[in-house]
Amino acid sequence: MTWADTAPVRVLADRRIVGLVAMVLALIGTALASIGIGARSIAPETVWTALVAFDPQSTDHQIIWALRIPRTLIGIGVGIALGMAGAVLQGATRNPLADPSILGIHAGAAVLVVIGIFIFGLTSFSQYVWLAFAGAGAAMLFVYSVASLGREGATPVKLALAGAATTAALMSVVSAVLLTSLNTLDEIRFWQVGSLAGRDMSIFTQVVPFLLLGTVLAFAIGRTLDGLAMGDDVARGLGQNVAVSRGLAGLAAVILAGGATAAAGPIAFVGLTVPHLARAITGPSYRWILPYSMLIAPLLLLGSDILGRIVAPPGEVQVGIVTAALGAPVFIALVRRRKLAEL
Amino acid sequence: MLEKSRALPVTSARLALTRHELVVTCWLSLGLAALFAASLYLGDYVVAPLDVVRSLLSPFTGVQTQGVDFIVLSLRLPRAILAILAGAGFALSGVMFQTLLRNPLASPDIVGISTGASAAAVFAIVVLGWGGALLSFGALAGALLTAVAIYLLAWRDGVSPYRVVLIGIAVSAMLSAVISYLFTRARIFEVQQAMAWLVGSLNAANTSEIIPLALALLILVPTGLLLGRGLSALQLGDDTARALGSRVELSRLSLLLCAVALSAFSTAAVGPVAFVAFVSGPIARKLLGTGRNGFVPTMVVGSCVMLGSDMLAQHALPNTQLPVGVVTGLFGASFLLWLLAMSNRQGRV
């Protein structure tokens, strides 16, 4: 192989690495903005001194360390998890529609959280974490296994149908409870919207081991996703154990998306849209789609969160609403641009 | 003579199909009649079957029994009629969408039409403080506007069914976010009112709900059935349909309009009752067993599902009356999952 053959490939790879570095820088900038911007205006110098020399007497410093830093960290963690969960699911199922929310994960989390509030009288986000995680995981495993019965495995139509049906069944249970209990309705309406506000550091520390585990697992199987994307027969011909790699991918997605939903509530469309954006930049290889998704998603989520704090003073718009408002048009544009079924 | 003998087998096969459909429809109608009778009879206040008949006939005979007449004629009868009408409307709209877009997922629940009606209704309740007929009008307008938006967004040298479904899902997600936002901003009692509307119920059944829906169905059902005769060509795919001389875009647009209007009027009357539109088509298809979507049997199935679910919702739990939408969701979803598991076993979607 001569230098002339490899040069364009190397240039392309270099360009992608430059893109990654640029996005890391953008993410750091966004994180700083997320610490600096909020309902109470705090001067940039004060933000800086709060970061380097914390003074417990100052209210501004308290706000930054108790509210804005946990919120920013949770935003980054949830964003990474949603982006990677979407990418892994789309790769493993060869399905451009595969997304945590379409696979019934939010309805599963909602059912257990609603039951927790209704029966056990839970009242704070930190108490919902484990319920949401368990419900999300169980629902997605159920949908995934119903859809992968039969010869062709999890085809787009079967996954979407099973997800929609499971969501409908679970949501009827949710509405039956909500119609009978005003207290539960009052609690759940602030959880189900999907938000980063009102979470403290303890939620981040509870969820972060799962996010780390899921991220490591996702990168470990990243290479096998390229094989799966070419079809089961090709993957088998390349020496892969298709069932094992698809199972591991599903596990990674459950851990990631379950952790994200536990921390922030149901956030729609990030997991669906971000991998499509990443694919439009990098091309079809999951070795690049995964890291790009991992950086685009927290950028989108933190950006949406900051936007939500600015647009409607003195209140704020929850991040789940902003991401749907921004993500859906992007998704519509992607659908109009090319044939998604062929990805 | 030669032509006639060639045409005969086809014609007779078609007649046999139609006859089969007719037989199934008759059985379904008998079931619906039984459900209807039961719904007039069942309830907390026990009315003897003969008394039910007597008070049904009282407008003609002039023999009145005040308490019984009120319960049968003003409470149970409007409820049953509204259930039958709305069930038929949802079912026909659902099966038209499913046939037209060649996708079992493409019912108005999932493609976003119902979400459009819901978002408009929640806005009307929470922000404008509307209720009653005004609220129904708001829901109707929301459904129609959403349908137009989805159609325009999916338009690109024509409308591909797959694109309609995907864009419908995206629009639906955006409108759900609007509903969530309104929920966090409203007072809790308005939220409760909106929630009750979103589940869908027959509790408010009276003539002011029934008459607009009945008039709409009177126009839309015959139109839908007439237009539906061109559907079999469309189902073969756009290119084949065009080759067979079908004006693809025009017939699709008029069918879509009819289906959207059916769904919109039914939703305006009873709220977005989950999954009646979704399941009625597949159930009727299974019962027919011919691999064809029958519009008339589907409508009867829809009425049965609605009326049966409402009776379950009212009488299944002691001392608790659930809204009909809770039962249809559970029932529809379990049926769909069962259908998926069965078709998986047979090795096809």
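Along the chain as shown, the residues are counted starting at 1.
A Cβ is built for glycine as well, from the same backbone N, Cα and C atoms used for every other residue.
Just so you know, TrEMBL annotations are computer predictions that nobody has curated.
If you look up TrEMBL, you'll see A:17-39 (among others) marked as transmembrane segment.
Residues of the same chain lying 6 or more positions beyond the ends of the transmembrane segment (A:72-89) and with a Cβ under 8 Å from any Cβ of it are 27, 31, 34-35, 95, 98-100, 103, 196, 199, 201, 203-204, 207-208, 211, 214-215, 218, 221, 225, 249-250, 252-253, 256-257, 259-260, 263-264, 267, 270-275, 278, 286, 289-290, 293-302, 305, 319. According to TrEMBL, the feature transmembrane segment maps to A:72-89 (among others).
The transmembrane segment annotation in TrEMBL covers A:101-121 (among others). Within the chain carrying the transmembrane segment (A:101-121), a Cβ under 8 angstroms from the stretch's Cβ atoms is held by residues 89, 127-128, 131-140, 142-144, 159-160, 162-164, 166-167, 170-171, 173-174, 177-178, 181, 183-184, 187-188, 191-192, 257-258, 261-262, 265-266, 268-269, 271-272, all 6 or more beyond its ends.
Annotation source TrEMBL lists transmembrane segment at A:128-147 (among others).
The feature transmembrane segment is assigned by TrEMBL to A:159-182 (among others).
According to TrEMBL, the feature transmembrane segment maps to A:203-222 (among others).
If you look up TrEMBL, you'll see A:248-277 (among others) marked as transmembrane segment.
The transmembrane segment annotation in TrEMBL covers A:289-311 (among others). When Cβ-Cβ distances below 8 Å are used as the criterion, the transmembrane segment (A:289-311) is approached by residues 19-20, 23-24, 26-27, 30-31, 33-34, 37-39, 71-72, 75-80, 82-84, 86-88, 91, 196, 215, 218-219, 222, 225, 267, 270-271, 273-275, 277-279, 281-282, 317-319, 321-323, 326-327 of the same chain, each at least six residues removed from its ends.
Annotated transmembrane segment per TrEMBL: A:317-335 (among others), in sequence order. Taking Cβ pairs closer than 8 Å, the transmembrane segment (A:317-335) reaches residues 75, 193-197, 264-270, 272-273, 276-277, 280, 300-301, 304-305, 307-308, 311 in its own chain, all 6 or more past its ends.
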Legend entry - Residues from the same chain, set at least six apart from the ends of the transmembrane segment (A:248-277), whose C-beta lies under 8 A from its own: 74, 77-79, 81-92, 96-97, 99-102, 105-106, 109-110, 128-130, 132-134, 136-137, 140-141, 144, 191-196, 199, 203-204, 206-207, 210-211, 213-215, 217-218, 220-221, 224-225, 228, 289, 293, 296-297, 300-301, 319-320, 323-324, 327-328, 330-331, 334, 340
Legend entry - Positions on the same chain near the transmembrane segment (A:17-39), where near means CB under 8 A and six or more residues out: 47, 51, 63-64, 67-69, 71-72, 75-76, 281, 291-292, 295-296, 298-299, 302-303, 305-306, 309-310, 313-314, 316
Legend entry - Tertiary contacts of the transmembrane segment (A:203-222), as residues 6+ beyond its ends and Cβ separation under 8 Å: 70, 73-74, 77, 80-81, 84-85, 87-88, 125-126, 129, 133, 245, 248-249, 251-253, 255-256, 258-260, 262-263, 286-287, 290, 294
